[in-house]
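Report on one structure; see the data block that follows.
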Amino acid sequence: MRTTKKSSKKGIPLNLMVVGDVGLGRTAFINTLCEKPLIRHNNNFDPAEASSVSPVEIVPYQTDIILEDGTKINLTVLDTPHFGEAIDNENNFDIILQYIESQYDNVLEEESRIKRNARFCDDRVHALIYFISPTGHGLRELDIELMRRLAPRVNIIPAIAKADSLTAQELQTTKEMINADIEYYKIPVYDFPYDIEEDEEAIINLSQQLRATIPFAIVSSDRLIEMNGQTVRGRAYPWGVVEVDNPRHSDFLALRSALFATHIEDLHNITSNQLYETYRTEKLSTSQLLLDSTVGLDGKNLSQHDQVLREDRLRAIELSVQKEIEEKRRQLLAREEALRALEEKLAASTAAMANASVSTLPSSVSSTNHSQS
């Protein structure tokens, strides 16, 4: 593992996806992570939408994070509203997986071009923070299925949401049970890998500490509280204050430091050199791009005729891959259009209900008020 960051005036890109059930504090976590109100809290409950279940959406938010040493992080946070609302989340799994793979497809398509696009934007997801409900137990079937399906494509970092709802003993027990489930179901979560022969002792110790912290106990809050003459981010309770940035209360600070500083390069390397390369190999294999060697045992080159045939075949397969990528992109655009249409329909329905409720007020209300005056 390497932690040396290349300085760049443009900044270091980091694409981070946050997944978790409604009510687990995704918005609060993202705002706390970015130290700014990047996303509005949705406190408006609409009864008209309570009975309807919307598919998960993937909503990007972009901001710059400036670290204490002046390093600039070009952060893209991908929020996932509506995840976990449905009883059957199979469709939601597919939407998230399809999004992650579509970013790999974009890179694969760019690599296949003879003339590269100098302004190509690499949107591959470097890490996925998965929020686990603080039930005091281990993983649910939903948690297991999602992490098992996505782990081969993205660095998954499990976290216990709203950890301040558990006592210290409950939290420790919950961590042990979750880790036991991760090991039992062989879920390859991101475990802060290190090379004991090449990495410095300080890096090895840090990685071991972070590995022992999994799953991260997260407390999020963008509220500032005065305590002992100091201003802290936290949550106030009758029995005291839980501080977001206090390592004794929350693992938030350790996670933020790992994402933005100590392990950002490692997340990049694993995404590019392992996860993407695995996907690329699978993609090219299914497209029959991994051709059998046509060089003879004596090591002689192909004949000119065979070379021409091989190049023609490669071009044909390349066109097939590009068409498949374009088709997947069209499907994503169609899904986004359907989601927008659904949102407009729900908004129109809500407005119609509001107008109907006003127009159906009893006439006796206004006449009574008139008589009293």
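Keep in mind that glycine also has a Cβ here, set from the backbone N, Cα and C atoms.
Note that the structure is a prediction, hence the values are computed from the model and not measured.
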Per Swiss-Prot record, range annotated region 'G1 motif' [choices 20-27, 172-179, 276-283]:
20-27
Which of these ranges is annotated region 'G4 motif' in Swiss-Prot: 45-48, 117-120, 161-164, 337-340?
161-164
Select from 7-10, 79-82 the stretch of residues annotated by Swiss-Prot as region 'G3 motif'.
79-82
Would you identify which of the binding-site residues A163, L166 has the most other C-beta atoms lying within 10 angstroms of its C-beta?
A163
Determine, from DSSP, whether G23 (GTP binding site) sits in helix, strand or coil.
coil
So if I measure Cβ to Cβ from R26 (GTP binding site) and keep only same-chain residues at least 6 apart in sequence, which ones fall under 8 Å?
V18, V19, G20, D79, T80, P81, F131
CB contacts for Q169 (GTP binding site) [other CB atoms within 10 A, all chains]:
8
Could you check the binding-site residues G20, G23 and say which one's CB has the fewest neighbouring CB atoms inside 10 Å?
G23
If you average per-residue pLDDT over the region 'G3 motif' (79-82), what number do you get?
96
